[in-house]
């Protein structure tokens with residue numbers, strides 16, 4: 001039997017393979033196995049894709065003889081990993097039990113390799129039929145997916161859609177890393193986590209949702225952050241790594257671990273209405289450090305809480321990441337090595353940017369690397385490995401009041417001006433009714449109209465009090481960072497125009513007000 | 001004497017927020033004795049477009065870490081970085097890398 005070249009091939013035109021094989025599974029298991037072995041050889045003879053050096057190493061030759069032992073192992077593993085699959089409520093409870101166990105042990109011990117397989121079951125054929133008929137994937141690609149393991153770093157806005165499509169497509173094993181728990185503000189984009197999962201660890205929540213989608217995939221949730229001491233051991237156990245994280249130190253950590261372990265890295269990121277996608281350390285292409293040898297100054301990094309992000313944007317980038325993972329895992333290969341795909345949602349535009357090649361002087365993947373083991377990435381980047389908002393300390397304690405102190409002087413009707421310096425879009429979400437709103441940006445620009453409004457309000461308040469007493473201006477923002485910057489600006493305003501003004505900021509901002517003073521005040 | 005050079009200068013990934021939120025700028029660089037290169041363009045941007053907090057965009061004579069420079073949709077590394085001689089109608093894109101997810 002023979003068939004044409006792959007470019008012209010496919011199940012429809014490759015009549016020999018298709019007709020010779022299709023009836024066989026109807027004949028029963030034994031026939032299936034025999035026939036499958038034959039099909040494997042046929043495909044190799046057809047000149048189907050050969051695994052490249054950069055692809056996960058697999059013993060194709062040993063497929064058939066390992067099959068029986070591997071099946072038993074697979075079943076035992078599946079049973080162990082799929083515990084708590086019987087129902088939602090039970091599942092959650094068992095999840096929590098396992099979690100405690102895991103927490104004390106750190107990450108679980110070495111995972112057994114996924115068994116090599118030479119055949120799909122009838123159920124699998126039905127399930128994956130729509131992708132099996134794609135000549136680019138085919139049975140061979142599906143079998144490769146089933147033998148592939150993918151480590152998903154971050155089960156948030158990118159990790160959820162990525163894991164969802166990988167699970168649905170039938171990858172063999174998904175490692176799910178996340179240190180966080182599900183919060184209400186996650187639900188807008190982290191689409192695997194439902195309302196009922198709030199407060200649960202994301203890694204567990206994602207695994208439970210994915211298990212409902214495709215119970216044949218092995219899910220290995222890791223509740224905890226990826227850390228330099230454990231990252232390499234973890235990454236080595238997987239074929240492909242997807243960086244779905246949300247902070248700079250983790251991005252360097254994941255990239256370095258992938259270089260040291262020799263794994264391809266599919267990296268996505270999103271913020272506001274833009275997204276970026278690249279494949280690093282793949283087939284001789286550059287790594288993350290080749291592009292970014294030095295980390296950005298911490299001040300210049302914006303997180304999703306501050307900058308905002310639309311769920312459809314993380315969804316698009318996460319799906320594109322899943323696509324590249326599937327292409328690599330199935331043997332099609334990624335077309336994005338050495339390129340960065342940039343997405344601008346507002347313009348509805350993609351750009352595919354050609355990147356520099358691997359750098360011979362790269363600190364980790366270069367010819368004489370200086371980074372030969374994982375390091376302290378938080379120190380390297382000068383920031384924490386989370387996307388939580390930072391609490392700045394720009395002012396001395398005397399220039400700051402707590403929300404409780406502010407509440408007390410509000411109750412005592414102490415004359416003052418409350419100045420809200422958040423961006424207009426945030427002031428539209430919620431505000432304290434008596435606050436004067438002037439965005440920090442206008443203060444930084446010394447916008448005359450804004451300063452006039454402030455001066456007028458100070459004048460009005462001063463009329464109610466003894467002119468000799470300096471009038472306090474309390475500055476508030478969302479979390480108490482921008483308010484400190486605003487106080488510094490106010491302190492520098494010319495006294496001849498503004499009179500004696502004492503500016504102080506409210507520590508923790510309106511979010512502290514919401515949690516400590518007025519629980520009906522919205523949190524965002 | 002080099003002729004004036006017209007460029008499309010673009011900012012993305014949040015870098016546009018340092019330029020009044022405007023992503024696309026049509027820029028005409030005036031005549032000057034030396035040919036325009038990226039090094040000179042950055043100085044020109046600092047003087048003519050970047051009103052404040054230049055440290056969020058520049059570091060030394062280059063861009064700060066975390067900003068990718070793309071000349072006609074290719075990494076500036078491939079084009080000579082600061083020494084690339086600008087041509088009329090070039091597109092220069094400064095894109096801040098994103099880290100969110």
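Positions of Cβ are set from backbone N, Cα and C atoms, glycine also.
Cross-referencing A:157, A:159, A:262, A:268 with the ATP binding residues that TrEMBL gives (A:178, A:185, A:186, A:187, A:188, A:189, A:202, A:246, A:247) picks out A:157. Residue A:381 (disulfide bond) sits 27 Å from residue A:189 (ATP binding site), taking the C-alpha atoms as the reference points. When the C-alpha distances from residue A:246 (ATP binding site) to the recorded positions A:290, A:304, A:362, A:389 are tabulated, the minimum falls on A:304.
Neighbour count (other Cβ atoms within 10 Å of the Cβ, all protein chains): 26 for residue A:290 (Zn(2+) binding site). Listed in sequence order, A:157, A:246, A:271, A:387 are the same-chain residues six or more apart from residue A:304 (active site, glycyl thioester intermediate) with CB atoms under 8 A from its CB.
Taking the Cβ of residue A:365 (Zn(2+) binding site) as reference, residues of its chain lying under 8 Å away and at least six apart in sequence are, in sequence order, A:259, A:281, A:286, A:287, A:289, A:290, A:358, A:359.
Within 8 Å of the Cβ centroid of the Zn(2+) site, not counting the listed residues A:287, A:290, A:362, A:365, the chain contributes A:259, A:280, A:281, A:286, A:288, A:289, A:358, A:359, A:363, A:364, A:366.
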